[in-house]
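Under the heading compositional bias 'Polar residues', Swiss-Prot lists 409-446, 491-501, 539-567. The compositional bias 'Basic and acidic residues' annotation in Swiss-Prot covers 464-480, 518-538. Per Swiss-Prot, region 'Disordered' is recorded for 408-584. What Swiss-Prot records for 117-152 is repeat 'WD 2'. What Swiss-Prot records for 153-194 is repeat 'WD 3'. For 708-745, the entry in Swiss-Prot reads repeat 'WD 7'.
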Amino acid sequence: MRLLKYPLEGISGNVTSLVTIDAEYVVVCGSRGDIQVWHQQQLLDTAFDRCTLETLKPKYSFTFELKDDEDELVFAMGDRDCLYLGTEHSVYSYSGWLKALESGHTTLENKLIYTTVSQSIITDVKWDSLLDILFVLTDRPCKIHLFDTRSANKKEITSIALDKNSKPLTGVVDPSGAGTFTVLTSDRSIVVYHINRTGDYKEVKKLSQHVLVYPLHYKITMPPQADFLPIINSLKGSSGAAGSTATVLLNRNENYKVMSTLVPSASSNTKVLVHSPKMYEKANLKRGTISRYNLVATSTNTDGSIMIWNTKRGKPLFAPLNISDSAINDMIWSSNGLTLFAVSNDNVLYTFAFLQDDLGKTVPMEEIENIRQSNIIKEPLPIAYVITASDGLGDISTSKNQGLGVAADNSSNILSTDTNTNEKNLSTVNTTEPQTNSQSSSYNNKPESKLDSSKSEITSADSSDEKAKNLEARPIEAKSKKILNGKNLESKSSSVTTSDNIQKKVEDSKSNVSVTATEKKTKPDKKSIKSENGESKVNKAQNTISPKESNTTDNKSTTPDFKNPSYQVPKDLKRKPKEDALGNAVTKRAKKDLEPVDFLDTGLLLPNVAFSRVRLSTPLIRMNIDCTSSNDSKILLNIRNGSGNEQKPTIVKLLDKTVTPERTLFQDFIPKFVSLATSGDDFWACSSEDGTLYIFNDVGRKIIPPLTIGVPISFLEACGKYLLCVSSIGELYCWNIASSKLEFPVTTIFPLLSPSIRYSDDILTRAENITMCSVTNNGFPIATLSNGDGYMYDKNMETWLLVSDGWWAYGSQYWDSTNNSNLIPDSSTKPTEGQSSTEISKASIVTLLEKKTNNELTRKGRIKNLRRFARTILMKEGFENIEEIVTLSHLENKLLVTLRLEEQHEFKKLIKLYAVKLGELGYVDRLRDLFAWIISDSNDNGDLIPGINRKELVKTLLTACADLRSVQRVTIDYADMLGYLPNDIFFDCESQNDTGK
């Protein structure tokens, strides 16, 4: 394989799409309308070093004039005859564009096909070259517009209306010509339609909760044999890891079951998925078998990586290629399946040139056609003929100019084929006729399709008595046994042909169409209606007859509308969503049930909350909310919720209850419901139900303009000068109110909820509840879960740290050491400035989290595991020292946490206890490492943390470990190095010599 990376010049904006024209050209389209046509062979020669980069340049170039400066060219497709370009508001066509460029023209004329109205946006444009139908997907309203690209004016033949909540985002075209079109919608559904050339459609399959797509411009293609449907970012068949996505291949012949899964790297969403137009095969010489497979190239919407997969093995051919720092906007294969072209967002054209040995031998198209014939094809759409006759001339035609109308008559009336373009939504039968020399040359450039036409019996009913007067139109039924697999050829011969000549021509052709003429009496309810000039016309309600139901008058889809399912998370972790067979039955309340509490709650349903990875509960709106000051319990913030609007706003008061009667310090009105309130040292904060924060000082002045979070708030806590806010989608904010700044970038609590365990394939499940979420006086967020784990957020490391774990409760000797005598502060300890002795004796944050862990273990009945731990694990062989290892691990974690929290008194006690424990257990190397860590920066006499000097701390530890003989060698070395040995804490050498010792 060779890779050519070529930066494009002369294209303003970003390159958005690629188009290959046979095996000759590749068209590169820029967002600002700059279009370049490159010769594929020149790119391949450059990739294989057969020519230099200096000679590489585009073959042709022209500019697509945008009507609006804000519009961008995002869609492109076509062939040699016509090129279709589209923006998010309009679609245009360039007929004969390549011939004009080859003739030397640089300015081409385009024709408007479709333009949106009001606020509608085009989400995708697809072209079926076999059916000659252009699909335009729009929102507001959600529709699929179908345009006939064979006609000169590219007229719209029909449109498919979708549910207003099912916004079509992208479509997938069937390359086999079987007439299926797949749509991926915003409500995670996949809808498959069966469509014929006249625009008649029928919904054949709808898969709900299958795919997660966003408002992006996706590019998805099917394999050439069209036996499976690729679905990107599927909700089915994923590996279950958090943030992982998968591409699944749905077998169309087995009711769209998952036949294979392609799992890319974690936390990536596929944007481009293109199948090679060829099938490949490799022979296994050892087993004597031949393996056939498809190749598909995928790329994500976040990085510039490209992967090429073998669909048979479900594995990529090679590791992901990170070829660009920006995202890949589009990819396309050459017609021979040996070259892959890609463009990135930074305007670089990539050419992957493969050899035959790299990918495998290509399968001939005849064998691919045989595989297409084996696909299960849906029943054909309803079929009907429209026959019109006039004085002296009988015209037999099918709607939309489809098929060949033939009539047999004994008289000498002249018959011909005609086109009826005014009738819409009429079903037709597809018949074929050998291509004549008089046909348009525009079809000569297209390859002929192998057609399987069904045998039809056409009966023309005439009355011999009425022939002399005029010809009456009669409906003719046609029975079809099989859907045609190719495009029908139109009969455009304008020569006058008699009935005998037409009969002979049909019998000699290879179209297997038998035509018989029989005379029938006209039924009373199918009479023709004569116009004033004598012409005979058929009522529109009578000239459309289904082959199965003759009374069918409209062949549009009759699929009923359904209400979209709810995406709420079930309360039971293992329960699947079930339908309520009894309906909304009223359940009786048990006698001992508590009386319900009335809350003022509007129950907002927000899409960004419903589809978020984290969904936290929010407090219900209460009538009254009281919040006391952290400094003085007599200062009270009282909130009275009104009606949530301007007519009766919410009243916010700050009351001083130290005097009688109570005094109002300030009062404010908020035209919203208030859900939470908190207080700091010198500020008050409250939040509304829609996620707006209001912050006041003690006299009622707003310190900061109202902060808009956008979603309801689940936690609102304050301590000192810091304010903590956790939204219902898991976003965590921490502000320094004194400086009006964000303390650290916005983070999330998603890592705390065990996403790798709690993510399910089918539905989201509930994680552990968050029992506490607060902030320390130094601005460190802390959180506890219902399983007993406690965490703190390190703003320097920008990640969550584990503080307390239930595992340490089982094995550590110093777990929940509130009453441990070694940790009680000495009486000689003096409080620092601004800190009382009462605060020193209080339990630290680590001890608080350990208490919460104990409470959760007790609540869940897991305390009994402590006895089981001592009775079973400690007595097993190989686990004799597990208790001391768990104890040291617990002490080390507490040391590191208190160091980051800057709790100097707790840190002193813990490090002293830790050093003594190391000495008692004989961990000499670890004790030596502890001393080295403390004095590693002692030359500048700096503090380890504010208030703790490094040398003084080492002196304290040396004194505590002086009586431990097993570590005296370490303590003496460090005491001598720091100058404590001769005159301070150990012994006096001179006094010992005088006494003779």
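Glycine too: its Cβ is placed from the backbone N, Cα and C atoms.
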By a Cβ-Cβ criterion of under 8 Å, what residues six or more beyond either terminus of the repeat 'WD 7' (708-745) are in contact with it? 604, 606, 608-609, 612-619, 630, 675-683, 685-687, 689-693, 695, 753, 770, 773-779, 781, 793, 795, 798
Residues of the repeat 'WD 2' (117-152) by DSSP state, where helix covers H, G and I: 0 helix, 21 strand, 15 coil
Sort the residues of the repeat 'WD 3' (153-194) into helix, strand and coil with DSSP and give the three counts. 0 helix, 23 strand, 19 coil
Kindly state the mean pLDDT of the repeat 'WD 7' (708-745) in the predicted structure. 93
